[in-house]
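Below is one structure, written out as structure tokens; comments come after it.
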């Protein structure tokens, strides 16, 4: 490779797409065409922004130089790039909530966390062994901006307190090593 | 050194049993109702045997142990909260006579740290308490060696009973009540496991660490700790954690003057995810990154080794 001195890194790009057919494909083409290796795409169809757009989060690998080209190409194609780069939208945190999750409106819980912290729910797994009317547990992965973990955790705690849910929090970054 | 050992539970008895191995003699040994005192050194085997058969270590009043000839008092009575008595009074009595004190009892340094330090300043005796945090593990002496000012955070799994329950629940897919009953059968959990499972024991250890780390003289007690136990942890929560390569541990965390104990998600392969009754303390050092100290956090001979290490430091 010509740019072998540059290490490949992973990046997260957050886009907001117009809700029209073909938009997602149109957003992914500039990534592939410019040497990005797509890792995952999270298409939040149910979560429309106040402007009526659909947020999409794309994880990809590229060299830093090529990543710059990808962002430029996306913008040239008229794609709405909200955030780009590992440094801006890079922290993921996982929490487990337990309690009467279903009775207390899980989707409201999630949107409240999103609204008060700007964190995005990127994964949700619910376990309700005794049925939905009994206590259940949910594992939630949240993507948040660098440095916004405390704010996100405090949003989670506030909502959980209000709904009498228990939170199993992750350790701070240091303890995860 | 000549030792007066107050408290004849697992730890006190082990100290008496092992003292000679470490080059020390025991000149007094007391339980709550009796004492045996001999300035030339008590017959430790006989005292331990008597404790086993009669339930009393000797025939004289326990207060005689406090006024006996000794160089260091080993305080190994059960941990009490609030005024930390009678342990605190034993420490006071020894320091007033300019004797050293080695604590295995968490109460005095978790609940009345400032009082203990004040008494120590006026005495020629010193107070050491390695055994109060992490049993056999050299947590406090490592903090002292690295200098508390160069340690930014301490986290740890500091209660073996809670850790046994959580790790059994996770590996066997059993619920809390079932594993607790099993732990009681195995002698891992006491008949009344409240302080272990509700986080109090881990919090006391966190508070002691916070007291040691506070270089501005701030005093911490149990009421300063934010404490949550493991009683509400469900099998399904552990299963969800496991699916994501994580597990749940009761973690005590001391960071920037806050003490927090509660169930936390940790990666399954992280150092903090010790299993069974093992403990771990993780120090964040300013110049040397992370330092993990892991080992047996409870048990008679284990905790007695930490007590005897302190006695060695006093020589």
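Every residue gets a Cβ built from N, Cα and C, even glycine.
Keep in mind the model is a prediction, meaning the values are calculated, not measured.
The active site, proton donor annotation in TrEMBL covers B:205. Taken from TrEMBL, the feature NADP(+) binding site applies to B:7, B:8, B:9, B:10, B:11, B:12. What TrEMBL lists as NADPH binding site is B:106. Feature annotation from TrEMBL assigns L-homoserine binding site to B:190. Per TrEMBL, domain 'Homoserine dehydrogenase catalytic' is recorded for B:138-311.
This view paints the features noted in TrEMBL onto the structure.
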residue : record                    : contacts (Cβ under 8 Å, 6+ apart)
B:7     : NADP(+) binding site      : B:30, B:31, B:74, B:75, B:76, B:77, B:78, B:104, B:105
B:8     : NADP(+) binding site      : B:16, B:29, B:30, B:31, B:51, B:57
B:9     : NADP(+) binding site      : B:76, B:77, B:78, B:300
B:10    : NADP(+) binding site      : B:299, B:300, B:303
B:11    : NADP(+) binding site      : B:76, B:104, B:131, B:300, B:303, B:304, B:307
B:12    : NADP(+) binding site      : B:5, B:6, B:29, B:31, B:74, B:76, B:77, B:104
B:106   : NADPH binding site        : B:79, B:132, B:201, B:204, B:205, B:208
B:190   : L-homoserine binding site : B:161, B:184, B:196
Neighbour tally for the residue listed as 'active site, proton donor', based on other Cβ positions within 10 Å of its Cβ | 30
Residues sitting within 8 A of the centre of the B:7, B:8, B:9, B:10, B:11, B:12 CB atoms (NADP(+) site), not counting those, run B:5, B:13, B:14, B:15, B:31, B:76, B:77, B:104, B:300
